[in-house]
Amino acid sequence: MGDNYSTYLLDIEGTVCPISFVKETLFPYFTNKVPQLVQQDTRDSPVSNILSQFHIDNKEQLQAHILELVAKDVKDPILKQLQGYVWAHGYESGQIKAPVYADAIDFIKRKKRVFIYSSGSVKAQKLLFGYVQDPNAPAHDSLDLNSYIDGYFDINTSGKKTETQSYANILRDIGAKASEVLFLSDNPLELDAAAGVGIATGLASRPGNAPVPDGQKYQVYKNFETL
């Protein structure tokens, strides 16, 4: 089913790891840190340059604005940058490990060309794949899958995931023909956008994913073992 492709483009949440990981682990970890980040911000702090880009001087208003962006899941590039900074500390301190599916780990290791495309920043993507919970080891052990991944794309490098032009940009950047690429995601709007430039698509059907209307029109993958 997936043997006809030389290149694979993968979504993250709901595709290679549970969709709940972001909303139940990453987002709460970030929002719990926001008050401290804002209240302790100084000109010399590492986050000062990021927070200043919001152009909100009042700390209470700034905190409320950031939390509102998170609550509404707004794909704001400044927010993504701030989240990347906070999550880096979480991963590096061992407080966060990414629960990547075992079949996805095996898939990434055995395929020659694998690229990642997520609305999360490239920095956040590299952190996630750098601190993967090892399914065959104790809870404190982690895997670094970054050496198996050929490249990363986000909304800043390529555009929104629901826009066809974004996938044309990715094809250009990786030097591949559309017919050589299979894109896997749990979001049908993203699949339709990729199909607009001729990329083959597959709908990831993982536990906890939202039901997809007209799902029968997509090639469905419950895991990556058949690829």
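Each Cβ is built from the backbone N, Cα and C atoms, and glycine gets one as well.
Marked as Mg(2+) binding site by Swiss-Prot on the basis of experimental evidence: Asp11, Glu13, Asp186. The substrate binding site annotation in Swiss-Prot covers Ser118, Ser119, Lys161.
Taking the features listed in Swiss-Prot, we show where each one sits on the structure.
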{"residue": "Asp11", "record": "Mg(2+) binding site", "CB count, 10 Å": "21"}
{"residue": "Glu13", "record": "Mg(2+) binding site", "CB count, 10 Å": "23"}
{"residue": "Ser118", "record": "substrate binding site", "CB count, 10 Å": "23"}
{"residue": "Ser119", "record": "substrate binding site", "CB count, 10 Å": "20"}
{"residue": "Lys161", "record": "substrate binding site", "CB count, 10 Å": "23"}
{"residue": "Asp186", "record": "Mg(2+) binding site", "CB count, 10 Å": "21"}
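Here Lys161 (substrate binding site) is compared against the binding-site residues Asp11, Glu13, Asp186, and the shortest C-alpha distance is to Asp11. For the binding-site residues Asp11, Glu13, Asp186, a Cα-Cα cutoff of 10 angstroms around Ser118 (substrate binding site) retains Asp11, Glu13. Residue pair Asp11 (Mg(2+) binding site) / Ser119 (substrate binding site) shows a Cα separation of 9 Å. The Mg(2+) site is set by Asp11, Glu13, Asp186; from the centre of their CB atoms, other residues of the chain with a CB within 8 Å are Ile12, Gly14, Thr15, Val16, Ile19, Ser118, Ser185, Asn187, Ala204, Asn209.
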